[in-house]
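Q: Before I ask anything, let me first share the structure, which is written out below as structure tokens.
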2 protein chains.
Amino acid sequence: MPRVTNGSVDGIQVEDVRIVVVMVGLPARGKSLIAQKIVRYLSWLSIYAKAFNVGSYRRQDNPAPNAEFFSTGNTQGEQLRKAAAEAAVADMIEWFENEGGVVAVLDATNSTKERRRWIAQKCDERGYEAMFVESVCDHEEIILGNILEVKTTSPDYKDMDPETAVLDFKKRITHYEAIYETITETDLTYVKLINVGSQVIINRIQDYLQSRIVYFLMNLHIKPRSIWLSRHGESEFNLSGRIGGDADLSARGRAYAQKLPELIRESIGDRKITLWTSTLKRTIQTAEHLPYPKLQWKGLDELDAGVCDGLTYKEIEEKYPEDFKARDDDKYNYRYRGGESYRDVVTRLEPIIMEMERNENIMVVTHQAVIRCIYAYFMNVPQDRSPWMEIPLHTVIKLTPKAYHTEEERFFANIPAVSTFRAKHTSAKMEGEVQPELVKTEGDVQVENS
Amino acid sequence: MPRVTNGSVDGIQVEDVRIVVVMVGLPARGKSLIAQKIVRYLSWLSIYAKAFNVGSYRRQDNPAPNAEFFSTGNTQGEQLRKAAAEAAVADMIEWFENEGGVVAVLDATNSTKERRRWIAQKCDERGYEAMFVESVCDHEEIILGNILEVKTTSPDYKDMDPETAVLDFKKRITHYEAIYETITETDLTYVKLINVGSQVIINRIQDYLQSRIVYFLMNLHIKPRSIWLSRHGESEFNLSGRIGGDADLSARGRAYAQKLPELIRESIGDRKITLWTSTLKRTIQTAEHLPYPKLQWKGLDELDAGVCDGLTYKEIEEKYPEDFKARDDDKYNYRYRGGESYRDVVTRLEPIIMEMERNENIMVVTHQAVIRCIYAYFMNVPQDRSPWMEIPLHTVIKLTPKAYHTEEERFFANIPAVSTFRAKHTSAKMEGEVQPELVKTEGDVQVENS
């Protein structure tokens, strides 16, 4: 919500804050998943974050060790693993000092008090705040799921048949279990997540950014679910090429609203779903025929175009030529006079994203810029691209979060609508029709295991 | 952020949710304080909440018992205290069923597993969610502070000299300690606050509203601090009687900005302070000469008057007579066309209030409607009054939260400014000068001890 000023971002004096989130946990407890989610969430909020995966450092010299490498008796293995941790920490320090990093996530098992003390001291020396995040899990089913889903695709087991890989990986876990010490160091800042949030223990949380990360972790769940996103149907303003406003749907927009229940019926099936709209007429009218409990969020209203509200892109270009250019140059940060930027929209969407993480199946009927921001969160789209993504009218986007990526499907109503997409350095084309087809893509997240 | 629709408020399906926050803890652990804070916070968010203090029920028949009344051996005392708990629970049920209550806070020691099991069952029977909040504290200093500050003003010790009261109260605590069982019932939803948030244990938090209460509790601290609030100096728009906009300060407004550092210097002393402004020119210019680290929040921008932005109240009355009347009838909920209501402002201020709770000394330079909302939070002002409060220009309001109330001081710069206050059912008077004087008042919160 706050703007950058005096080196501060988003209410946090980032100038003074460097946080090292130190993952703790046995293999197959979802550490890398949590690390990725933290990085994605913070990046979306413009907080510079990066995960440092100790396993990938270790793999530089030992690309595919078997379980014995991780045995307590294996002194050489132990030395090599310590060297990998040291290399990761050295790179992390380099990143903090020379690249302006704010939150590093050190992704490794960090399973002994000795190792954690070493990291805490490294952080202390440089004024970084160490925050340990332990994932404890004794649900056999979840662990086995993690082993199967993630580990068989790990670079460590690249050319091994899956069954042998699982056996070897289970043996590796046993070696870690032999030396594992759960966090009891009450002088450290830590969060202990027990069985995916069924119990959370929070110790000595120190500042705002830490508390935000904790609240985010509290809200995560791993129940299967999907999110359906749709823009409102074509509006009268879309027809005349005007932005903003609070217009009614056009005839074609009403046809889309009519067709929407059928379009998604099969995809939703008998799942319990809640429908969220903005407070503007065009989203409420679009959701009118959907038979689900409804909720209106002011926070889902379209990006406020300020003095440009109700104008066409052509009029904006004529009336405010410098603004028009400035917006093209940095669309994410450009704030309309008296209105909002994409950055502002992300800030007001943050509690809504938190609600999305916490909830199960949701359908959201909202606006172009707002969908771009939501989509960017789930699909990890960077800020220089997200404001330029094409989100056509009369199309439902279904997102299904998986462990390390988000699956995407699109459903096309095949009802013509104007295109409201405006490419960089052009006036908007406000004609043409959306292309009917079904597309499947996947948000890509790279993960390596330690 | 979301509007009421289908019986839902603020993103929560309140239709389905009834939460009983059950306080747990020895006497003098700040339970009543926490209970009051929860009620104030939720009420401010328009969630209907009420504390039920078992002590006040017990006092109906036993207005001033001595410590022996609370002894384990005292069967009659035990029976009477159980009867008081039953009466409180009965009233609470009545409140849920007939008055639309959403969150009840049951304020008592609830110090045994047996008592908690009884409450959990009572809740289960009626579909209420019981959430136990235990305050554990072994800092002698804090406990003694609680004993002195609160207990000597308790109705139980009304006519007793303070020293005798403290001795008797300490004896009462000893009786409770003899039977006290900390929460270990892992099948219950609970939050354990250890030494005022230095450690927090969260077990089985189930839904959004619970998670919000937990996040609020995580952010509380009891370090002494103050908050300084000021509107921007008089602006050019104030002079011409226009609302909204992004005008520069008037000459008198600039004089206020010049004088501000001196006006608050003594009050701030050598405390470390952060200065928050909105993103609008008039607050940034007002803070210009203050030598503190600054942060701009979009969320502190003035209430958005939508189509009325830039108009005078007289013009609004002429142009939108029905809106003008509707706003007078329910100013808190009235949303300007294309703009915001006070309710909307409270929603976007919520993360800022959370930040205020978490931080220590802050000065906030913002706008009339925004200050009304912040002030209403700290001083517990109801929604029918808060939008009508007079917050004069060129005045600093200092709020100092204490255990059960908030102290207020006002500092007047004695620089004339127009009054922007408009009484109900009038057009605004936009002339006159603020009255120079120093006022001290206190926000009044009634508290009783169990």
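Each Cβ is built from the backbone N, Cα and C atoms, and glycine gets one as well.
TrEMBL labels come from automatic prediction, so no person has curated them.
Since we're looking at a predicted model, the values are computed, not measured.
Below, the features straight out of TrEMBL:
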type    : residues                                                                                 : note
BINDING : B:ARG231, B:HIS232, B:GLY233, B:GLU234, B:SER235, B:GLU236, B:PHE237, B:ASN238, B:ARG282 : substrate binding site
DOMAIN  : B:13-224                                                                                 : domain '6-phosphofructo-2-kinase'
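Quick one: where do these features end up spatially?
A: B:GLY233 (substrate binding site) falls within neither a helix nor a strand when secondary structure is assigned with DSSP, and so counts as coil.
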Q: Let me know how many other Cβ atoms fall within 10 Å of the Cβ of B:ARG282 (substrate binding site).
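A: A count of 28.
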Q: Among B:ARG231, B:HIS232, B:GLY233, B:GLU234, B:SER235, B:GLU236, B:PHE237, B:ASN238, B:ARG282, listed as contacts of substrate, what is the widest Cα spread in Å, to the nearest whole number?
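A: Between the most distant Cα atoms of the substrate site, 14 Å.
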Q: Using the centroid of the Cβ atoms of B:ARG231, B:HIS232, B:GLY233, B:GLU234, B:SER235, B:GLU236, B:PHE237, B:ASN238, B:ARG282 as reference, list every other same-chain residue with Cβ within 8 Å of it (recorded substrate site), in sequence order.
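A: These residues sit around the substrate site: B:ALA247, B:LEU249, B:SER250, B:GLY253, B:THR286, B:LEU393.
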Q: Which of the three DSSP-derived classes (helix, strand, coil) applies to B:ARG282 (substrate binding site)?
A: helix
Q: Including all protein chains displayed, how many Cβ atoms other than that of B:GLY233 (substrate binding site) lie within 10 Å of its Cβ?
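A: There are 30 such Cβ atoms around B:GLY233 (substrate binding site).
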